[in-house]
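A.B. asks: If you scroll down you'll find the structure; I have some questions about it.
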Amino acid sequence: MTKFNELGVSAPIMKALEKMGFEEATPIQAETIPHALEGHDVIGQAQTGTGKTAAFGIPLINKINAKLRKVQGLIVAPTRELAIQVAEEINRLAKFKSVRALAIYGGQPMDRQIRALKDGPQIVVATPGRLLDHMRRKTIRIDQVHTAVLDEADEMLNMGFIDDIREILKGIPEERQTLLFSATMPKEIRNIATTLMKEPKEVKVKAKEMTVENIDQYFIEIPEKYKFDTLNNHLDINSPELAIIFARTKKRVDEVAEGLQARGYRSEGIHGDLTQGKRMSVLKKFKQGRVDVLVATDVAARGLDISGVTHVYNFDIPQDPESYVHRIGRTGRAGKMGEAISFITPREMAHLNLIEQTTKSKMKRMAPPTNQDARRGQQQVTIEKLKNAINEKDLKVYEDAAKELLDEYDSITVVSAAISMMTKERRDTPVRISSVAPISVKKAKNQKDNKTKGRSNNKRFYGGRGQGGRNQGGRGQGGRNRKGKGNYQRRNRDN
Ligand SMILES: Nc1ncnc2c1ncn2[C@@H]1O[C@H](COP(=O)(O)OP(=O)(O)OP(=O)(O)O)[C@@H](O)[C@H]1O
Ligand SMILES: [Mg+2]
């Protein structure tokens with residue numbers, strides 16, 4: 001275990017770390033901070049929730065000249081919410097040094113950002129599109145920038161956004177230091193990344209698996225049309241503190257979020273088509289626990305650090321194994337435990353193997369909970385409430401009423417009636433979710449024969465009812481699927 005003062009971190013940052021309760025450096029911090037402080041370019045790869053933000057934040061703040069009120073550090077992140085969160089963490093780390101970080105991102109009025117930029121923040125955290133906008137309008141000056149950070153670098157370099165990143169980096173003096181971080185770094189993306197850097201030190205925190213071990217990973221093989229009720233049952237049984245449910249499209253996110261609301265859950269959806277104001281208010285409610293089930297597209301998959309997320313559900317499995325890693329990484333952060341449950345349609349079973357091969361971890365099969373299990377789960381919640389009332393409330397004023405009731409009925413009947421009245425009967429509310437085509441499993445096809453055998457025992461749970469074709473809605477997959485995915489990822493990318 002490494003202490004921060006062994007890493008050459010300056011006194012004001014040490015003081016902030018102490019205030020934040022960071023006692024020891026995480027492995028990625030211990031390994032990258034010395035390289036970064038020496039001025040090297042760094043590629044840092046470590047599992048989700050292991051403190052990569054501070055791994056680049058600390059050396060960056062360390063290097064800032066607090067007296068110079070010019071942008072000296074530039075951090076680029078793929079989503080607006082992440083830009084905001086990273087700026088907040090940087091500001092916490094820089095609390096005892098006169099260094100300020102500002103987040104700039106799409107969906108917020110330009111003039112407000114221009115005014116804020118004039119205030120002289122030394123660090124700017126931005127989404128690529130909005131940053132380029134400011135650069136082209138010359139409303140941001142980056143000629144004094146000595147450090148550039150790409151957080152979630154692979155995501156930004158993925159899918160043709162390399163040109164935006166290149167253009168951004170071209171505006172920064174060449175002698176800059178470049179730091180690049182992510183939990184995933186596919187080889188081809190890393191190769192692109194190295195073209196943007198000078199002899200980078202590559203730090204990959206050694207781990208057997210790409211996912212953190214404190215996340216228990218499960219899958220449930222389930223036909224499309226049973227997903228929603230299964231999700232309901234699960235939520236009732238587990239009563240997550242906070243849960244994030246990932247769905248494939250914005251439409252599905254809206255439908256699932258509304259369906260859950262109709263069934264009495266405090267649920268909201270988040271995706272790239274919402275106004276920025278709405279996105280922020282949904283996230284705020286979720287962080288405060290006023291919403292406890294967040295339904296999201298991949299816009300919420302990367303980087304978001306929300307404490308109390310005990311469960312992540314893949315209502316639809318993602319196409320990319322990398323996306324799986326990031327999604328489930330919203331739980332099990334900073335050493336806490338978490339649970340990830342992926343719904344996989346029988347036709348997608350081969351895709352499960354592809355994900356497992358990439359992440360080098362296994363998902364355990366879980367039987368879908370029955371309605372009876374769920375009912376027991378719901379009743380358990382009621383029973384807990386009753387027990388709390390017994391222990392904590394003054395029940396004297398109700399005693400006469402209770403005695404009257406017990407004169408007329410036996411105690412079991414009375415208590416059963418009370419439990420029934422206090423228990424939500426969710427399934428009385430019908431909910432319809434439009435179906436989607438299963439994920440294309442093209443890439444994984446040749447693994448299908450040897451790997452999925454014996455796994456596809458869907459019959460056990462559903463009495464061998466027909467599946468497949470009906471879920472697909474007759475649509476072809478392949479090319480179309482891939483195109484669709486590219487589109488929504490692009491739009492989600494936001495800026
Ligand atoms: N040294 C430390 N000691 C204790 N907590 C820490 C330490 N470093 C970071 N944390 C906390 O751990 C949590 C996760 O950190 P962070 O968001 O930086 O993870 P990450 O590696 O960037 O994850 P992701 O891959 O999901 O982006 C945060 O709440 C952060 O404040
Ligand atoms: Mg991060």
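Easy rule for this one: first residue shown is 1, then count along the chain.
Here the Cβ of each residue, glycine as well, is placed from N, Cα and C on the backbone.
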A.B. asks: Please identify the range among 2-30, 147-175, 205-233, 408-436 that TrEMBL labels motif 'Q motif'.
C.D. replies: 2-30
A.B. asks: Over the span of the region 'Disordered' (361-380), count residues by DSSP class, listing helix, strand and coil in order.
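C.D. replies: Its residues fall into 10 helix, 2 strand, 8 coil.
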A.B. asks: Would you list the DSSP helix, strand and coil counts for the residues of the domain 'DEAD-box RNA helicase Q' (2-30)?
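C.D. replies: Counting residues by DSSP class gives 18 helix, 2 strand, 9 coil.
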